[in-house]
């Protein structure tokens, strides 16, 4: 196969100890097994990619990790602690996510969206808020400053007071990342961060993900854009029909005949805009 | 049209459809429009100085030449307003006209004047038996109104600048606020003094016409902006107006009793607005929390029928009542707030009824004797805090303040506390959490917002505030019975919020005032008030679902697909952040 036009995969950078460990995660909906016995380990400072054809169970697996679904079997540990299947507990433990179909708070400004992300790391309660003591003002100031900092970080420093619903699509994706980062995660899960983006925006997105990694976070990315994921990730898991088909470095995965077969065999032969079917899939 | 879209115009701009229709009217844009308007104003005002009616017993007394009464003075005021807009359109006030859609304002005022005159003459003809009883003055004013309306329809809206970006000096802004506040105080006192329903209705029409004209002209965009900018002045002014109101009543208890009822209703609606407007929870049994507070207030009062012997000072009673209500809120909220909206509405509806039946049954034969059953607890004595007896009139600066005025001040304090809680919670971490929950509950949860905790807090907090108001209400009402706390009352509270505007303080106060004051003043519609309110709510849902004075956010929520509105609100928001900084 002509996979040579993809640039060589990145050499894994200094990999730390495991931060997220999913063991035997299985999710059944009635008779359908959407995710079957999936193991995944993410190490500190690592970018892990999750690929697979449509309906392979990638997003379902994400939902199991983040507590939106309670896995039928298996367990997820973050830094050695077992995560309860409750979204809030997962965020508090240090794992944040974005959504495949953007779920911003549309009628709030960009800044307010990110400030909501700070909710679980701040503690002003009713009486503090009503009496407006020094603690309240200090915390509110800090929340605002941190939110602005994160907006600057993702490149939205100029759109602070824009309504989320008025922002361009690419900016909304970045805002969602900023909101997730505001929860001070150790690990961030990105569900199709480049869906619907043009090549230039995709480039910006991958730069952003590298910067997130460089700031000390581990990243897990679901993507369909193969070139994007092979350039980005230290390690890639290919999920097919709810099971891990291959796991390895981008080089190993993209040359694995089973991966190629899973994609071509899936009949997803539409939408190729450049290169052979296996190099860039936009499903 | 984008420049003339203002806060109070409908989000979907239907003017775009209307303009071609108006274009077809002959003479539109003709040079005669402006002089015609001036002539209209002169004739309209001139007519008010002549008698309108042959008989002297209709709408006060309209039968005296050169002595305009209230109904006629309204027309003079409207004429002056139209004159100002005409002069701003072309003339010495041109500088202001640059910022306003003066033609639209003249159009609204003209049409309003026509409606006003037609209704007035109709009432005269109907009540005194025929058109023959209308004196020339009435016809002259009607002619003036028609000319003014024609002029308004012929005037063409000029391109004008957006009042949002008008840079005004702070003395102008503050004096505008002061004048507006004074007008509110004067208008409220005047409206309460109107004796007959017809005059009251006409006054209402007059106020609506002027308000709509200012809205159409775009003046409220600017007013909204300066209100944001000078918030402390505005709050201070509003409380000064509310505080001064009893002093305009000359010791009469008649209007003050209405005012206290409005205040109790408004304070309770403000508490409910935390639950409905901020947290987005539909509570159909809120009146039960007011009732719980009232029962605590009654049972712990010095009434001979009170069943509990503990007589703590009133401040303790307030706290006990509030805490008891909050506890009920927690009990009812903790199992039900985990489920989605509709279930909560049903459970709270049932809770309201359960509360009423329970209070009706705790009479000694079905359970412990706490509430005296359906008879309630009568003869609750007036409050006495220190040496201040709320039952006795007091004289301050030569003005006597009666029993209701005393309660009015106490209720004003309670309302102030509720407003403080409302606004401060709204602009805090908790308030942001509530907005996030309203926007997307799942995403909020996934971003670490304590959804259940915040909902329960809103529910119990709202109950706490209602309980507080309830303890005062017990003393104000003298007796507490179960049938004061029926479902209809909860529905009215909700209607006040929907009508006034979800999530704003001013909106709820306006809504509560309208809902409480109208039935008091328009006794002749008392039988149909449910029908009329129902109709009004249906119309509101169709044309202005966010309420009369809505918060930006709520407006956006009700117009999910309106891109233009979203852009406009963002511009307003940016300007507000800028002027505040």
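Glycine is treated like the rest: Cβ placed from N, Cα and C.
Any TrEMBL annotation is an automated prediction that lacks curation.
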Per TrEMBL, the range holding transmembrane segment, considering B:526-543, B:544-561, B:562-579: B:526-543
The transmembrane segment (B:407-425) and the transmembrane segment (B:66-87) contact flag, 3+ Cβ pairs under 8 angstroms: no
Winner by Cβ pairs under 8 Å against the transmembrane segment (B:314-331), considering only B:108-126, B:169-192, B:233-252, B:343-359, B:446-470: B:446-470
Selection from B:138-157, B:233-252, B:258-279, the stretch that has most Cβ pairs under 8 A to the transmembrane segment (B:108-126): B:138-157
Positions on the same chain near the transmembrane segment (B:233-252), where near means CB under 8 A and six or more residues out: 174, 177-178, 181-182, 184-185, 188-189, 192, 227, 259, 393, 396-397, 399-402, 405, 408-409, 412, 416
Tertiary contacts of the transmembrane segment (B:343-359), as residues 6+ beyond its ends and Cβ separation under 8 Å: 281-288, 291-292, 295, 328, 332, 336-337, 371, 482-483, 485-487, 490
Outside the transmembrane segment (B:258-279), six or more residues from its ends: residues with CB under 8 Å to it: 192, 245-246, 286-287, 289-290, 404, 407-408, 411-412, 414-415, 418-419, 421-422, 425-426, 431, 434-435, 437-438, 454-455, 458-459, 461-462, 465-466, 469, 472-473, 476, 492-494, 496-497, 500, 502-505, 508-509, 511-513, 515-517, 520, 551, 554
